[in-house]
Amino acid sequence: MWDYSEKVKEHFYDPKNAGAVEGANGVGDVGSISCGDALRLTLKVDPETEVILDAGFQTFGCGSAIASSSALTEMIKGMTLDDALKISNQDIADYLDGLPPEKMHCSVMGREALQAAVANYRGEVWEDDHEEGALVCKCFAIDEVMIEDTIRANNLHTVEEVTNYTKAGGGCSSCHEGIENILTRVLAENGETFVAGGAAVPAPAAAAAKAPESPKMGTLARIRKIEAVLDSIRPALQADGGDVELIDVDEKSIYVNLTGACTGCQMAAMTLGGIQQRLIEELGEFVKVVPVAKESLVSMGA
Amino acid sequence: MSDIYLDNNATTMVDPAVFEEMKPYFCEQFGNPSSLHNFGNKVGFALKKARKQVQDLLGAEHDSEIIFTSCGTESDSTAILSALKAQPERKEIITTVVEHPAVLTLCEHLETEGYTVHWLEVDSKGRLDLDKYKSLLSDKVAIVSVMWANNESGTLFPVEEMAQMAAEAGVMFHTDAVQAVGKVPINLKESAISMLSLSGHKLHAPKGIGVLYLRRGVRYRPLLRGGHQERGRRAGTENAAAIVGLGKACEMAAEHMEFENTQVKAMRDRLEEGLLAVIPNCFPTGDPDNRLPNTASIAFEYIEGEAILLLLNKVGIAASSGSACTSGSLEPSHVMRAMGIPYTAAHGTVRFSFSRYNTMEEVERVIEEVPGIVAKLRKLSPYWGENGPVENPGEAFAPVYA
């Protein structure tokens, strides 16, 4: 059985805002193709202020789909539509104290239902912009479509490259056979053959190139280094209309704020993972990159 | 109130009598059965007895036709790969779309290695088309592998007839009988079945022990080579305690065969009838006239299986589901899809599987609990109205899928 958090169980056993809202003026119907779950979100929006007065859900789905729906309605009630749209699927998962990687698509479905309902309220037509495939890497929740697209876009040829670009396969490595199969298939599209690169057996840790021993950095030097790493990543984010800003550093935790197009982007979790990876390499120590919205940090009194 | 276990197709409790029988083979009778001395010799005799007990349950002609393995999956792999190795000129396999992953995934993999796999489809009740099957049999086929009973729906396949047809065409026939052994009478010496897989933990023996039945004279190549164990057909030191346990479990299964097909069946029938009578929009899946006595697979429309299981679990009832979300893969059940069950029903399929340890009192408790759980989830469902499904559910709720 899944390892669900207490919060998920709470929202599943006793869901909040179940059922359709009376006098709703925004409705979003979306489903997840990977598991067949589906959700209808109904909103009652104040036309003057665009504040969400009430929200209700009806879900055909598993425990985490119902819990994600319940959490979403709790989160958005009282928000303006613009603020509500800033909620990412990761925010929904965080609200529930996390979801198993296989179940992250439930939170994605919640976020999409919200977008669809807002579009419906505004008289727009919502179009889904992402495609979901079978989950390949369970450590980092990377699916098949993501890996295929990345291989094609960047002309990748090895499992190691796929890991560098998507993180898939960077954890327990049990999905390497699956990644090799995807490489074989995608490369065959261009008449290429997949050749397993590198050694068949990884070198033991001691022989592997060690991360550069960093002499103990002073706080200021460390923050400068972090800023430098973020600066080097920034152009890539800006190219996609996003940005990252350093909020705070607290020992091993580095708080950043993803802004612009990064906000609510499906790829945000991956982007953060990539930033974390770079920081670990550059600083030569383990650090955790924590996403925060600037406002929430202020309200936390940090 | 104690919890109710209705997931016996997943695994079963080790019978206390089986456990008793196994106990001496850990700290006292720990010898290697291959050894000459007393420590080993006694264990050797115990294995001989167990082999006989398995032989009797299967109705095999010779005790040497019983090969102990580590599990059902190993038996399946051994059987299919052996047929391919022994007949390298034959590059085709016939199997069904509703096999257990132990066969399904292996055959899919073999397709990538250049073998041709003929996938037999099933109708809405999970039944095979035997004419189609007959037309596929040829001297290019290395092996046919068809399960005796389906693990999800409980539907029985006519494997004895199919084995006869294969034999007439000169083709080996393997059956994954993991769900059938101990639940339906089997008499292999009267059949044309070449190989059969069984798994101990489905019939009250421990996990980690299986059997491959190999008819005398069927050409064979081992999966594991090494020592002379199992007459060189499955190398590796015997899991003596588990083998002894499996022997006892087989003996007990034979004794309870009638009970299984009367009392256990009566509990299953009562549950099904009780639930279908009070819950609207639900139906049994598979072939109700031709199935395992212990299995009820019921599709509850417009709700999802994992949600049902979680709420059942909360009130102490264990069952399982063909829903996408209960498997690690998120794939909806291939068995339900193969039978063409609409996904609004396939997702809400719950399997209740009984054993001789269940009681009628438990059945009545389940009949009391399930309707409320189904109603609670339907209240959350976009396909469900006040007192029944919304009109034209497919049109009233047509989400954008991504």
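Just so it is clear, glycine is given a Cβ too, placed from its N, Cα and C backbone atoms.
Pulled from TrEMBL, these are the features on record:
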DOMAIN    A:4-124  domain 'NIF system FeS cluster assembly NifU N-terminal'
BINDING   A:C35, A:C62, A:C106  Fe cation binding site
DOMAIN    A:135-184  domain 'BFD-like [2Fe-2S]-binding'
BINDING   A:C137, A:C139, A:C172, A:C175  [2Fe-2S] cluster binding site
DOMAIN    A:226-290  domain 'NIF system FeS cluster assembly NifU C-terminal'
If we take A:C35, A:C139, A:C172 as the binding-site residues, which have a Cβ under 8 Å from chain B?
A:C35
Where A:C139 ([2Fe-2S] cluster binding site) sits in the secondary structure, as DSSP reduces it to three classes:
coil
Binding-site residues compared (A:C35, A:C106, A:C137, A:C139, A:C175) - the one with the fewest other Cβ atoms within 10 Å:
A:C139
A:C35 (Fe cation binding site) versus A:C137 ([2Fe-2S] cluster binding site) - Cα distance in angstrom:
17
Just to verify: the residue among A:C62, A:C172 with the fewest other Cβ atoms within 10 Å, which of the binding-site residues is it?
A:C172
Provide the three-state DSSP residue tally for the domain 'NIF system FeS cluster assembly NifU C-terminal' (A:226-290): helix first, then strand, then coil.
30 helix, 20 strand, 15 coil
Average pLDDT across the domain 'BFD-like [2Fe-2S]-binding' (A:135-184)?
91
Whole-number Å distance between the CA of A:C35 (Fe cation binding site) and the CA of A:C139 ([2Fe-2S] cluster binding site)?
19
I need the neighbours of the [2Fe-2S] cluster site defined by A:C137, A:C139, A:C172, A:C175. Which other residues of that chain put their C-beta within 8 angstroms of the C-beta centroid, in sequence order?
A:V136, A:K138, A:F140, A:I142, A:A168, A:G169, A:G170, A:G171, A:S173, A:S174
Give the residue counts of the domain 'NIF system FeS cluster assembly NifU N-terminal' (A:4-124) per reduced DSSP state, in the order helix, strand, coil.
55 helix, 26 strand, 40 coil
Rounded distance in angstrom between the Cα atoms of A:C172 ([2Fe-2S] cluster binding site) and A:C106 (Fe cation binding site):
24
